[in-house]
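The annotation domain 'Glutamine amidotransferase type-2' is assigned in TrEMBL to 12-223. The active site, for GATase activity feature in TrEMBL is assigned to 12. Sequence annotations record features per position, and here TrEMBL assigns L-glutamine binding site to 110. Here TrEMBL flags 376, 377 as ATP binding site. Residues or ranges marked as site 'Important for beta-aspartyl-AMP intermediate formation' in TrEMBL: 378.
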């Protein structure tokens with residue numbers, strides 16, 4: 001890579017305790033336990049800071065200037081202290097501006113700009129930061145704690161409230177390491193998980209533990225909590241944008257963004273699928289590189305052969321040769337999964353019924369053996385319209401322009417009379433509904449009727465009256481002028497992206513002490529994509545039209561026309577075949593039945609139904625993940641490691 005100065009930067013784990021009482025000092029032992037519970041996020045350095053009212057802890061993975069960048073870090077007079085997980089990509093510009101105003105920097109750390117920017121702008125500093133971050137800032141003069149999370153939710157941040165204090169951390173395990181925080185199931189969140197395959201923020205599946213939402217900040221001052229949104233995805237307005245100019249600007253913006261994401265003093269890698277998104281990043285990174293880029297690809301096997309439909313190694317290999325990368329291939333068979341799944345769930349901390357957790361886990365482990373930083377193409381599908389669901393036939397007709405009463409009367413009548421066996425009935429039914437009523441991103445795992453049939457009496461009583469789908473509808477933007485496509489993209493970016501895609505991206509890479517960077521989710525790229533008109537994103541049947549137009553001249557022939565496979569696992573095939581015995585053993589066990597969450601006969605019916613239907617595979621996988629999560633965290637089959645007795649290496653600042 002072109003190294004761009006010895007800036008001190010790091011990915012890490014942060015945590016701490018803020019007290020309502022002015023004289024209370026968090027114990028060193030508790031802060032040490034929190035830091036140790038997330039040691040994998042930062043094996044290179046650790047530190048503590050304590051003063052009356054606050055304790056901060058920190059673990060560091062060194063990426064830039066490995067001898068510097070120690071945290072917690074304070075300002076000139078020690079009145080403001082910070083722990084920050086992430087990267088501030090515009091720190092050079094901010095540093096120059098702050099120095100011109102008289103601020104004195106004690107390090108070359110990118111995160112030190114947050115301290116001085118806060119001194120200048122207060123809470124408004126958040127709008128000036130470009131990067132991925134989750135941080136905690138203690139303002140001693142105001143006796144105020146500020147917790148903040150980046151706009152898209154690339155970096156996680158959790159908190160829990162105890163009597164007289166708030167505790168926070170990059171992960172859940174540091175909170176579970178504290179006295180007074182018990183691993184208890186949030187039964188209401190089970191309903192959300194089985195609806196969407198993830199638990200949407202601010203909920204978690206742990207009672208009393210909360211996720212700070214993307215684009216939000218929290219203040220805690222003298223026992224009072226305030227949570228506020230500081231950023232939202234812009235909505236498109238009527239546009240007369242020029243297509244050629246827009247494509248040219250997009251390419252320039254992506255080039256600048258990838259350049260900023262390549263800052264590192266350790267080798268940089270790239271997850272390469274052979275599809276469009278990773279190919280774009282590879283082409284742009286290769287143009288900035290003065291060293292050989294390392295690429296990593298994964299394919300699934302069945303027996304001794306590639307698993308059809310889940311094998312892109314040949315395409316990735318061709319791209320790696322074209323750009324002369326140092327290429328690494330990983331092959332995963334069904335037999336690799338049962339032994340790894342518990343560890344995957346332990347690292348995720350929250351159950352996630354997304355089969356892509358499997359390939360991401362294996363490719364991250366391999367990459368971490370060779371690099372500390374990887375680029376990945378997350379987010380491109382959500383901001384540029386890359387999923388097939390966006391091509392719903394009625395989206396591409398004038399039906400959505402018809403008045404809703406006319407659609408309801410005409411199309412509902414047709415749908416009622418349409419023979420059940422003929423294609424088109426579902427199309428007619430859905431065309432009568434507003435997009436908010438039928439679209440849920442990647443689709444529901446269990447619908448309301450299926451959940452009502454699945455739930456045991458106890459769980460059914462707890463969740464009576466809950467409407468997770470209604471909660472999801474609140475994430476759709478209002479505005480009759482918005483097209484269904486624009487509403488779907490907004491929903492996916494704000495709802496599904498952070499709590500599914502980015503959650504697993506952070507947890508499974510950081511579990512290996514690997515930093516994952518996602519250039520497509522730089523907020524300037526996201527904001528520009530959001531205001532592009534729908535026909536720039538889908539043209540006829542061409543998905544990601546404007547992205548393909550922008551990068552057409554920098555990619556090898558054929559990449560743009562390749563059919564999208566997606567980075568996922570053949571979970572339905574596995575559940576029906578190689579993993580059926582494993583799933584049945586878990587879901588028919590006495591341990592599973594004793595919980596009485598679900599009706600055993602319904603679960604057995606799912607297991608006996610071996611039709612190759614993707615929805616059924618997703619349902620069994622979600623139940624399997626939930627049960628293994630329960631065993632690990634609630635039943636206590638895996639315990640948090642105790643911190644070492646010798647803690648001399650931990651630097652304690654303050655008192």
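Placed from the backbone N, Cα and C atoms, the Cβ positions cover glycine too.
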Inter-residue C-alpha distance, residue 377 (ATP binding site) and residue 12 (active site, for GATase activity) (nearest angstrom):
21
When DSSP states are folded down to helix, strand and coil, where does residue 376 (ATP binding site) land?
coil
How big is the gap, in Å, between the Cα of residue 12 (active site, for GATase activity) and that of the residue listed as 'L-glutamine binding site', rounded to a whole number?
13
Please report the DSSP secondary structure of residue 12 (active site, for GATase activity), reduced to three states.
strand
Helix, strand or coil: which one is residue 110 (L-glutamine binding site) in, per DSSP?
coil
Within 10 Å of its Cβ, which one of these recorded positions (110, 378) has the largest number of other Cβ atoms?
110
Compute the C-alpha separation of residue 376 (ATP binding site) from the residue listed as 'L-glutamine binding site', stating it in Å without decimals.
22
Rounded to the nearest Å, what's the C-alpha distance separating residue 378 (site 'Important for beta-aspartyl-AMP intermediate formation') and the residue listed as 'L-glutamine binding site'? Just drop the number here, would you?
24
Neighbour count (Cβ, 10 Å) for the residue listed as 'active site, for GATase activity':
30
On the 0 to 100 pLDDT scale, where does the domain 'Glutamine amidotransferase type-2' (12-223) sit on average?
93
